[in-house]
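Enquirer: Once you've had a glance at the structure underneath, I'll fire off some questions.
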Amino acid sequence: MPKPGELTFVAPRGAKKPPRHIADLTPAERKEAVAATGEKPFRAQQLSQHYFARYAHDPAEWTNIPAGSREKLAEALFPDLMSVMRHISCDDDTTRKTLWKLHDGTLVESVLMRYPDRVTMCISSQAGCGMNCPFCATGQAGLDRNLSTAEIVHQIVDGMRALRDGEVPGGPARLSNIVFMGMGEPLANYNRVVGAIRRLTDPEPDGLGLSQRGITVSTVGLVPAMLRFADEGFKCRLAVSLHAPDDELRDTLVPVNTRWNVREVLDAAWEYADKSGRRISIEYALIRDINDQAWRGDRLGRLLKGKRVHVNLIPLNPTPGSKWTASRPEDEKAFVEAVAAHGVPVTVRDTRGQEIDGACGQLAAAER
């Protein structure tokens, strides 16, 4: 467990590197990898079709590839990357948490949430998190390692397969939104997260053919990475986990604020908004008697007034053994009114999955 305020930007050394998987590779790299096995390069397109369009990673399902070639190609590009340990459901089975065991025994989780008009999937980008926010169960557990691009992508592929096969009831049969809000700080695993976004949004069969506009990437405020992300040309939404409008409190709640303060983080966010044309989501966990005062809502509204922004207030999810708890209803209402008084759009998030430790901030608490 990290010390209070301690930050980990680089994953610990010594972790066994995940094996190479087709989802780690660009279309050109897939052709090279297939050719290296002695097979014709066009097999790469067939494999991509099976994985990204049919969600099939079992060679037995690759019926358009000769049986003698399947094992060789599977060994080269479809290693046993991760396996489902268990699924846990709630909300009449429309919310499902998946506990994954990675190739090295590391555990991560994803959450699939099906609504009448949309389907959202919350995915992990790291095993653990090095940002050490004191109210977040994942942050308190520390960082084990970064996930590979394929380990990130496979969470979504499995979710899309589950929807297609009717494993999660109700609502549309295709993912609408993907949020990088599970375990980890996405921008601390920059290259692999960017690679995952490309696989998710490349047209089928090179990728999953999802819309960039349906993807949200969260960050606690790694300013250099935010500025770099602004230059990628993505149309994803950027969500900034702010949690306090003043540096004095944010230094405590979000320790990375001691590196890049509120003003620097917001300036980087506005640059992303300008370059992407997307409004910024400000994530703010309301914590009783800590950051939920109406005057802080007023200060937040003043900071954000006139900007391309939306404030997403999050009732704090209870974590076993934590001193932190959710705001009183009357304090939440006063905070909302204080922000809205400045013309800033603000809503309170519908939190799902609390009973299965699946909501934001709880993904590591039950397994560590």
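Start at 1 and count along the chain as shown; that gives each residue its number.
In case you wondered, yes, glycine gets a Cβ from its N, Cα and C as well.
Annotation source Swiss-Prot lists active site, proton acceptor at Glu109, citing sequence analysis. What Swiss-Prot records for Cys360 is active site, S-methylcysteine intermediate. Positions annotated as [4Fe-4S] cluster binding site by Swiss-Prot, on the basis of sequence analysis: Cys129, Cys133, Cys136. Summarising the annotation, Swiss-Prot assigns S-adenosyl-L-methionine binding site to Gly184, Glu185, Ser218, Ser241, Leu242, His243, Asn317. The disulfide bond annotation in Swiss-Prot covers Cys122-Cys360. Annotation comment: Swiss-Prot describes 115-355 as domain 'Radical SAM core', evidence class sequence analysis.
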Enquirer: For Glu109 (active site, proton acceptor), which of the listed binding-site residues (Cys136, Glu185, Ser218, Ser241, Asn317) have their CA atom within 10 A of its CA?
Expert: none
Enquirer: Just give me the nearest neighbour of Ser218 (S-adenosyl-L-methionine binding site) among the recorded positions Cys122, Cys133, Cys136, Cα to Cα.
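Expert: Nearest listed residue in space: Cys122.
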Enquirer: Sort the binding-site residues Ser241, Leu242, His243 by C-alpha distance from Cys122 (disulfide bond) and give me just the closest.
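Expert: Ranked by Cα distance from Cys122 (disulfide bond), first place goes to Ser241.
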Enquirer: Using a Cβ cut-off under 8 Å and a sequence separation of 6 or more, which residues in the same chain sit near Cys129 ([4Fe-4S] cluster binding site)?
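Expert: In sequence order, Cys136, Thr138, Gly139, Ala141, Gly142, Leu143, Met183, Gly184, Glu185 meet the Cβ cut-off.
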Enquirer: Long-range neighbours only, meaning 6 or more apart in sequence with Cβ under 8 Å: which ones does Ser241 (S-adenosyl-L-methionine binding site) have?
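Expert: In sequence order, Cys133, Ser218, Thr219, Val220, Gly221, Val254, Glu283, Ala285 meet the Cβ cut-off.
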Enquirer: Among the recorded positions listed here, Glu109, Glu185, which has the most company in the form of other Cβ atoms within 10 Å of its Cβ?
Expert: Glu185
Enquirer: Looking at S-adenosyl-L-methionine and its recorded binding residues Gly184, Glu185, Ser218, Ser241, Leu242, His243, Asn317, figure out the farthest C-alpha pair and report it in angstrom, whole number.
Expert: 18
Enquirer: I'd like the number of other C-beta atoms within 10 A of the C-beta of His243 (S-adenosyl-L-methionine binding site), please.
Expert: 25
Enquirer: Sort out the sequence-distant neighbours of Leu242 (S-adenosyl-L-methionine binding site) for me: same chain, 6+ apart, CB within less than 8 Å of its CB, listed by position.
Expert: Gly221, Arg250, Val254, Val262, Val265, Ile282, Glu283, Tyr284, Leu300
